[in-house]
Amino acid sequence: MCTLSIPVNIFTFSIAINCCCHSNWVDYAFSLLATTFKRGFVPDVVTYTTLIRGLLSQNKSQEARLFFANLIKFRQVQPDVVTFNTMIDGLCKTGHADMAFWLFRSMEKCDCEPNTVTYNTIIDSLCKRGLVDDAFNLHSEMMEKCILPDVWTYNRIIQVLCNLNRWEEVGLLLNQMIHDMKVSPDVHTFNILVDAYSKSGKLDDAKHIIQIMNERGVYPNIVTYNTLIHAYCSQGQMDGALAMLNTIRSKKIMPDGYTYNILVNAYCRELKLDIAMDIYRNMASDGLSPTVVTHNILLHGLCQLGGLCKNHYVDKALSLFRTIECNGLIPESDTYNIIIRGCLWSKKYDGACKLVDKMVDCGFSSDAATTSVLRHLLLSKAQDPTLVALYQKCLH
DNA sequence: GTAGGGTTAG
């Protein structure tokens with residue numbers, strides 16, 4: 001645009017800088033800032049906030065803090081609530097939650113009132129650190145200040161309270177949310193409740209939520225149904241799970257990768273590996289590809305069954321392992337550990353050795369379960385040189 | 001032209 005003499009302004013530069021930041025080209029974004037100055041434009045609070053977000057998204061929290069401090073020190077611009085929220089969120093995500101909280105409390109001194117986004121960001125960070133009661137207190141604080149909690153605020157707190165089985169408070173909050181604050185529960189709210197009931201073994205209550213959802217016009221989505229399918233599987237009710245699958249298909253809601261993983265996992269747990277493999281092969285018919293998680297589940301199942309009785313399941317696991325990379329997927333630490341344990345259980349020590357080398361090359365190491373299997377084997381076969389070598393490799 | 005975020009699987 002500059003070469004062609006098409007007129008540009010500070011907005012043009014801010015948009016370009018934002019684009020660089022979203023593409024992880026923060027250095028280029030800063031060189032554009034220099035160009036902005038050279039061309040005589042004055043960056044404003046949006047330009048600077050964009051750059052701060054760029055630094056934080058690249059984990060450069062030290063640089064972001066310095067940049068932010070200098071804005072204030074040299075009075076370049078007055079940071080606004082978006083600038084603060086960007087800093088606070090970035091600090092939380094880069095492991096500086098305490099500093100984020102301090103900044104949150106400094107806002108008013110800078111003549112900047114926190115808003116719902118500010119509170120939600122801090123509440124989320126507190127919930128992630130397990131500080132539910134602090135989150136709860138901030139929720140009361142925002143209401144006192146007439147900063148209205150939104151559906152997100154409620155969902156986050158309801159979710160952690162459900163995890164802690166604090167049902168009475170969940171009920172009170174739902175009541176306050178709907179009747180006092182006139183915030184309507186959305187599909188996420190209901191999914192949290194369906195999951196909470198499912199995990200406490202209350203399948204009937206979970207199913208009842210679906211009814212309430214339909215009455216309120218908040219329609220269940222694939223996540224809702226996956227949660228229910230998982231609940232059926234956990235109770236060993238595979239017929240119920242499959243019936244649910246048919247029900248959602250009739251509603252034109254298509255199963256996704258989660259649906260398949262849940263079912264494959266359920267059959268693996270029941271050691272029905274042939275059914276699990278069939279389901280895995282069926283994914284393509286729904287236009288889905290197995291993920292690393294799918295493979296981990298199957299490898300675990302095959303290795304467990306192989307370890308229990310038939311080695312040919314471990315052979316199947318090994319050939320499945322070889323297909324992972326052929327499918328363009330990258331094995332995880334868990335993937336290696338599962339297959340290595342399978343080899344150990346079925347006494348394929350040479351195979352285990354090669355896999356350990358490969359795992360170490362990929363920057364992974366043996367986990368507690370693998371190390372424990374090795375120790376047990378060594379107790380009975382301390383003189384086996386392959387095992388000793390394996391154990392030493394795993395120690396590193 | 002700038003900020004946040006939630007639910008399900010190993």
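Every residue gets a Cβ built from N, Cα and C, even glycine.
Curation plays no part in TrEMBL annotations; they are all automatic predictions.
Look at TrEMBL and you will find A:1-16 tagged as signal peptide. Sequence annotations record features per position, and here TrEMBL assigns repeat 'PPR' to A:9-43, A:44-79, A:80-114, A:115-149, A:150-185, A:186-220, A:221-255, A:256-290, A:332-366.
Sequence-distant contacts of the repeat 'PPR' (A:332-366), counting only residues of its own chain at least 6 positions beyond either end whose CB sits under 8 Å from a CB of the stretch, comprise 292, 295-296, 299-300, 302-304, 306-307, 311, 314, 317-318, 321, 324, 373-374, 377, 384, 386-387, 389-390, 393-394, 396. Residue counts for the repeat 'PPR' (A:150-185) under DSSP, split into helix (H, G, I), strand (E, B) and coil, are 27 helix, 0 strand, 9 coil. Residues of the same chain lying 6 or more positions beyond the ends of the repeat 'PPR' (A:80-114) and with a Cβ under 8 Å from any Cβ of it are 45-46, 48-49, 52-53, 55-57, 59, 61, 64-65, 68, 71-72, 121-122, 124-125, 129, 147.
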